[in-house]
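Notes to accompany the following structure.
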Amino acid sequence: MSSQEKPEPKEEKSGPSTAGKIVKTLFLVSVWICLGLYLEITGPTQKDLKLRAHLDYEEVSRAMSGRSIGFFIGAAIGGFLVDKLDPYCDLMVAVCLDLGATATIVAPHAQEIALLWFLFVMQGTFEGIINIAGQKLVLEIWQEKASSPLFLLHFGFGIGSFIVPQIANPFLAIPKPTAAANFTSNVTTLHPISTTAAPVTEYIRESRIEWAYLIVALITMSLSLVFYFYQFCGKGMRNTQVGKTQKDKDEDHTNIRRIIDPATCAGGKRLFGIQVLGLLFLFFFVTTGGERVYGKFIRSFAIDYYNIDGDRASLLNSSFWISFAIGRFAGFVAAKWIPIRIILLIETTGAMTSAILLNIFADDSTLALWILTQPMAFFIAPCFPSGVGWGDFHIHLSGLGITFLLLGGALGGVCYMWIIGYFYEAYGPLSFFYVMLSYGIPLCTLAFIMHFSTWGKGHRFKDEEKKEEVVEVSGIQLKFYSKSDQEKSM
């Protein structure tokens, strides 16, 4: 009897070692650093792009909104690509880094708004695919411990964003001092900015921003080589089967209806899946829109409203991104000890408070602007990864699940950039503060709705552990009774 019985082969666990996980996570953080470099270079170079293409603020902000439209496209196709071509996530990251860098090289040479808009669309498209593929890799590597690595991933974006103003600054145009209009009064008058004023034609230093764009693009292309290596030479460095049951493996190539069903992400609870994904869509709409507005317009606002010189305005822009990076790193540390649901409430309340204080104190004080920019950046920064972590806490975020969140962020980026462009051009720089107020209040409100509407709904990883325990116990029972039947027959 014992000779006839063969022990069932144990399923070998493949995948990277802990050191391998850490190394790959660090390379993914570097990807986000490069995203910060080539996507946020438009902030410090906004006035130069405006000058070179002969655009006003409304037009240049609409051109920049192309990034959000592209992000929408990239998020839409990226989810299907990641779910259907999961083994090629590393290749997706590498190719998109190269293509995004190529669009970056061409952008400063664009003289037409249509071409500039198209290039930003391309950048956003590749950003969307990288976001889904990269975050999918992190969730796959770390599973239920992914909250802190997600913060660390997005911390990289902050690092790249505060470095890039200093890369760009030596190449920015410096106009000769003129008797420029002072916007510290009558800022609420309709059309305070004259679009027909004679342009400044004499410069202490001409614009050479194409070199800054080239430097950023070459750094990005260099990093792509690492992910080509992971794809073609790093076999065994990924474990795409982690956390999958046999049923999941058999249903990997499932039909489109099941893929887009919210119940698939929520363990069969369709209404709960719709609720979580709907709230996250709105949350990402607001948080991405506000982040884009502040990052793109803080330098121009400081120059136009307070007549701050370009170097100091670049430092202010860098200080925003330094605090932004610190905020994401603080989120990475806090996620180890504080529940993600509480972190989200702290961040959004801080962002709303900062927006209110900016409107009260910073409209007539450069010191208040410098001081309050720091908590605004600090609290804005972790909202994006916190939203992903909050969603993954409640439901399984597949490639399409992440896509849906990024679609909300893309739409928010488009709407907020068009709004700030119109109001900034029509009503003056102070409208920048009002748009940020329209970001802070809805963001905090949504976070509290998310918190209380899902109160007591459980922890998806604990639910999965319970299901696995039941399956294991049932399997033992089945094997026991099967063995008893064999013994009886003998």
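Indices start at 1 and increase along the chain as displayed.
Each Cβ is built from the backbone N, Cα and C atoms, and glycine gets one as well.
Taken from TrEMBL, the feature transmembrane segment applies to 21-41, 61-81, 113-134, 146-168, 211-230, 276-295, 315-335, 342-361, 367-390, 402-424, 430-452.
Using a Cβ-Cβ cut-off under 8 Å and counting only residues 6 or more beyond its ends in the same chain, the transmembrane segment (430-452) has close neighbours at 183, 187-188, 279-280, 282-283, 286-287, 289-290, 293-294, 297, 301, 305, 341, 344-345, 347-349, 351-356, 358-359, 362-363, 376, 383, 390, 416, 419-420, 423-424. Here the transmembrane segment (402-424) lies next to the transmembrane segment (113-134) in space: the count of CB pairs under 8 Å, restricted to residues six or more apart, reaches at least 3.
With a cut-off of 8 Å on Cβ pairs spaced 6 or more residues apart, the transmembrane segment (211-230) and the transmembrane segment (276-295) reach fewer than 3 such pairs and are scored as not touching.
If one looks beyond the transmembrane segment (367-390) by at least 6 residues along the same chain, the residues whose Cβ comes under 8 Å of a Cβ in the stretch are 135, 146-147, 150-151, 153-154, 158, 280, 283-284, 287-288, 290-291, 294, 298, 302, 306, 316, 319-328, 330-331, 335, 340-341, 343-344, 347-348, 350-351, 353-355, 357-358, 361, 397, 402, 405, 409, 436, 443, 450. For the transmembrane segment (315-335), the residues of the chain that approach it from at least six positions outside its boundaries are 36, 40, 43-44, 147-149, 151-152, 154-155, 157-159, 161-166, 294-295, 298-299, 302, 308, 343, 347, 369-370, 373-382, 385-386, 389, judged by C-beta separation under 8 angstroms.
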